[in-house]
């Protein structure tokens, strides 16, 4: 008699610790004697019946997964629409799950994925198929509802705070004869959590970052330039951290201002940092440098937060436990029970409460002048970057990241074009 | 009877380990009972008589300096011209040195600084002033002559290799439905050493980085785009690392192609990565992301190479020893005595052999197709990123970087406008 299998899939942008969640899911299930399949390239693999047999991986490889960034089985940007619009796909998904005797489906992603997992759970019920669906939280954007924080965010936040502090020391040393303004572009299209975390890089009023621009506040160029000038005149240099998603009061993304084509008709790719840098150069005449860390900020496992790493593993472990207990359509979320000392626990939250919500920075986290974070924000953010997640390095000076074998499971169904 | 003082100054772009050199200089001199002054903001402080009394710093602070990035006393971009053109400044410099009983002048920088230190030594001789001038090597560009490598380079190289490997894992996981081409911009205006170091991120033919663009080879857009297409079709994605200084065969910087102003008359700031990304998008239609780490790559003490860190301290210690032995107009350089196992020692090289030269990548380090590094380059680069330099973290999850008191020495001379 088959015990049933567990299917795990990763979704959306990967993080420095999503594989730590995968590692915890697999090792927890293994300890219970349960076979774990993984979908290749997220939900696409589930639709195409392109599944990976994780039992082919050694225990050492699964352990090493816990310190390897990226998405070990592949992830994807692919959103299933409503049950009505994409009914064929949802039914195909159930068909694949059934063909591989999947009793537990764990979908590791953001609010879209929570929504998908919820819909699959509803459909399974309608088809009288005994399936337990669990959403497992992940996103560097920290914008999931209900959970106190999202695995992946704390590590990206630590990367941001450390990088801003280090670059600020560089700028401070050279400011008299070189760069006076430095602009750091943080990910966050709708919510400014990562840019806000840069605030942890300094404590005093004159510490970097001197200006944080958040999408929760309208970008006002005149006020921004005036503030830059004031900081440079007082401190000698100015470090600016900007969310990629900042907009003017009339709703235009600052990042899009450049875009378009150059005089040769070539595409110009925009970006908030380069735009702000150009404005500072034009408006104030200061020498300016900027950085766009892009994927480096979400893949920097070498600078992962221990808190984040532990939480990434905890949600993976809890997801399996909830699944085995038949707690359908839930997500393991992080509940903060104390700021100082920082204490947290995992609870099960209904998926529909997480799905399709987007948690922005509360007004009380943003300084009155809009250019920084409050003590309340600091109290929230500070514990999330604490501790250094262990990471083995090889004799070559590089972290020892693992590449899995990712052996495909034999297909049982006809092909399907997803 | 005064024993004389030692003056130390930092010059040019700072690195993750230039303060490790400073720490070694100060602690070595202290152990010999010699007073160390530091010039604030490099040579500018020496000209302005804006000197710092390092004896006001605790032993703990000087020890912590060894793991703090940036330039603790300030650095500057300020090049003294020829003895004829800037005679007044050189004489002022000697006047300041004499006023503070400076017997040993240590100038920590690149080839410009080696040149300045050499000129000062010649002038002192002409004025019959007993001064020993030492150039101390530093630059992430790795372009100094004579020395096998430059303190600062190994750490930036490690940052580059680790960051490229991590970002590649991210891109690989998402490539099917998202970004297929990722471009990383490395510092290096004339020499491609840092971009080359990215080659250490992978071993096999299909490992990232798949393409490295070096300023030592002309940029050929058609060949580049053809190679990107070939890699994406074979591997599924393509990671490109480009030196900021790559040029077309007719000598135009690729980074300057954008520049100019946008349709609003606003300045557009260029950059190689954004230019290449736009070409890939226009020419091949792939989704593309790019990163410009900028100062992050030279200030990332959190990812410093132990080899580099040890060498940074060794040149500082040797500089003091050479100075005290009266070895005038020399630079402590790193001599490699073996690749495997990697062995090195410090020797004294005449400053004039280092001054004003620029060491590019040898032709034998660049692959025949121009898109990667050879095994010879690998053998040279590999030891430089080995080992992880120790770094204490605070309970706040941030590295414990020190800020010195930088107490000014009382001025003895009239003001001087440098």
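In case you wondered, yes, glycine gets a Cβ from its N, Cα and C as well.
Binding site for substrate per TrEMBL: A:139, A:140, A:141, A:187, A:188, A:189, A:295, A:296, A:297, A:298, plus A:244 from the candidate set A:57, A:84, A:244.
Neighbour count (other Cβ atoms within 10 Å of the Cβ, all protein chains): 23 for residue A:244 (substrate binding site).
Residue A:244 (substrate binding site) and residue A:138 (site 'Important for catalytic activity') are 20 Å apart (CA-CA, integer value). Checking the binding-site residues A:139, A:188, A:244, A:296 against chain B with a Cβ-Cβ cut-off under 8 Å leaves A:296.
For residue A:13 (diphosphate binding site), none of the recorded positions have C-alpha atoms inside a 10 Å radius of its own C-alpha, out of A:112, A:188, A:244, A:296. Residue A:13 (diphosphate binding site): 25 other CB atoms within 10 A of its CB, across all protein chains. Its Cβ placed at the centre, residue A:111 (Mg(2+) binding site) has 24 other Cβ atoms within 10 Å. Across the structure, residue A:296 (substrate binding site) and residue A:112 (site 'Important for catalytic activity and substrate specificity') place their CA atoms 24 angstrom apart. A 10 Å cutoff on Cβ-Cβ distances gives residue A:112 (site 'Important for catalytic activity and substrate specificity') a total of 19 other Cβ atoms nearby, all chains included.
Taking the Cα atom of each, residue A:188 (substrate binding site) and residue A:112 (site 'Important for catalytic activity and substrate specificity') are about 16 angstrom apart.
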